[in-house]
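Participant: Feature list, courtesy of TrEMBL:
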REPEAT    44-104  repeat 'RCC1'
REPEAT    108-175  repeat 'RCC1'
REPEAT    176-236  repeat 'RCC1'
DOMAIN    217-451  domain 'RCC1-like'
REPEAT    290-344  repeat 'RCC1'
REPEAT    345-402  repeat 'RCC1'
REPEAT    403-452  repeat 'RCC1'
Amino acid sequence: MLKTRGIVLGISRSYTAKAKRGVLAQDKSKIKEYSPKTTDSHEHRVYVWGFQETGALGLQTNVKKAKERYTEMVHHPTRLQFSNNNEITDVAAGYGFTVYAVNRDDGETLFGSGLNTDSQLGFQVKGNPNDPANLDVIIYPTAIKLPRVQGETDEDMRVKSMSAGRAHLVVLTQNGTIFTLGNNSYGQCGRSIIEEERYSKSALIHRISQEDICGKEDEVVQVECGQDHSMFLTKKGRIYTCGWGADGQTGQGNYHTAGQITLIGGDVEKEKIVRLSCSSDCVLALNEAGDAFGWGNSEYGQLDDSELAETQINIPRALKLTKSIGKIKDVAAGGSFCMALNDQGLVYTWGFGILGFGPFVEQTSKPQHLLPPLFGRNDFSNETTVVSIGCGVFHMGAVNSDGDLFMWGKNRFGHLGLGHKKDQFFPFKAAINGKVTKVAYGVDHTIALCKPFF
């Protein structure tokens, strides 16, 4: 209705049938379609955060800038430029260094950045070829040249599995060859221990055929490093170990150091093991039926909560304390705590440390589950569930079915990626611009392998 000089005019608008059709049937060619611009076409992208002074994050390209004080830590997940230019297929985090498996046209399949004090990233030099300067710190991902025998192709040298310890690296390639680099003081590289061997500026990369480990009838499918020991899991579910055994973490029935790779027995002897996890001196294993086994350090009752429990277990044992949580899908072993994920998507933690139950719970000898809403389940997303778990020595993480990463634990070096250095007592979502597919947990840094949303 319209008022004009006190006169009320009734205006009605009429359309013809033809006009109505014209309004309703819009010209679709004029409707703009939004297609988000992607910066690269690679399947994966990598985000890094935590302590940067070691070079483990691989973000710096300038040595002078890398030494400046304000670059010490990266508190938020930051996209790695190297992943924009390379197809990264896997990541592994050691104590102050990171390794990347890549697919490239030039045949290089392995890159690393960070501490190289024990040549765990290979023999890296710069300057005059006749008088090169050895690099103990590598600030940007650099190729690690694995020695080839005649006839080996680029496809043969693609990385199938890899894992990093305190100062050593173990890599399994597609053709079943295992390469070990770095410190071998305790035999963790699967070769004889040489007294007073010098690891700095060493060009030695030890090469092992999987046949020498498990014979022709079997094959190695996963390698896993603890702090100073190494483990090899085969297709038939057998476990072979070597290295430091003072806490029984080699599972060989003794507390000795072993340079010889040996098949272990105990309660896993007749089991088909499908998963191994270790970040320090406590080891968890999972069989195909969803039962958990453990050995190594159990000072906080991680492996046995009975009254007269041993604090160091040198042979694999079936865990009784996880029997009540149902079929287990995934396990993770930290420095003083353990984690398990059951087939209902529930996350359980136990041991000593920041377990995710708040600031007043720092020890529990029985597995307790964290509530699903902590990992993104709510009324609008009631199908969301946790699909994988993992941990470093002091921090934990879980990835849900939406590709979100939730972190909690110690945060002294900002390695939870939450924007601060304060400890996080409950799981908290990290702000990552991608769907997380794998996370590598270092001692003071974290690496996430992601897929783009679009």
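First residue shown is number 1, and so on along the chain.
Each Cβ is built from the backbone N, Cα and C atoms, and glycine gets one as well.
Since we're looking at a predicted model, the values are computed, not measured.
Tell me what's around each of these sites.
Facilitator: When DSSP labels each residue, the repeat 'RCC1' (44-104) comes out as 12 helix, 28 strand, 21 coil, counted as helix, strand and coil in that order.
Across the range of the repeat 'RCC1' (176-236), the DSSP-based residue counts are 5 helix, 22 strand, 34 coil.
Looking just at the domain 'RCC1-like' (217-451), the mean pLDDT is 96.
Residue counts for the repeat 'RCC1' (403-452) by DSSP state, with H, G and I taken as helix and E and B as strand, are 0 helix, 25 strand, 25 coil.
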Participant: If we call contact 3 or more Cβ pairs under 8 Å (sequence gap 6 or more), are the repeat 'RCC1' (403-452) and the repeat 'RCC1' (44-104) touching?
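Facilitator: Contact between the repeat 'RCC1' (44-104) and the repeat 'RCC1' (403-452): present, because at least 3 Cβ pairs are under 8 Å.
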Participant: For a three-state summary based on DSSP, what are the helix, strand and coil counts in the repeat 'RCC1' (108-175)?
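Facilitator: In the repeat 'RCC1' (108-175), the DSSP-based counts are 0 helix, 29 strand, 39 coil.
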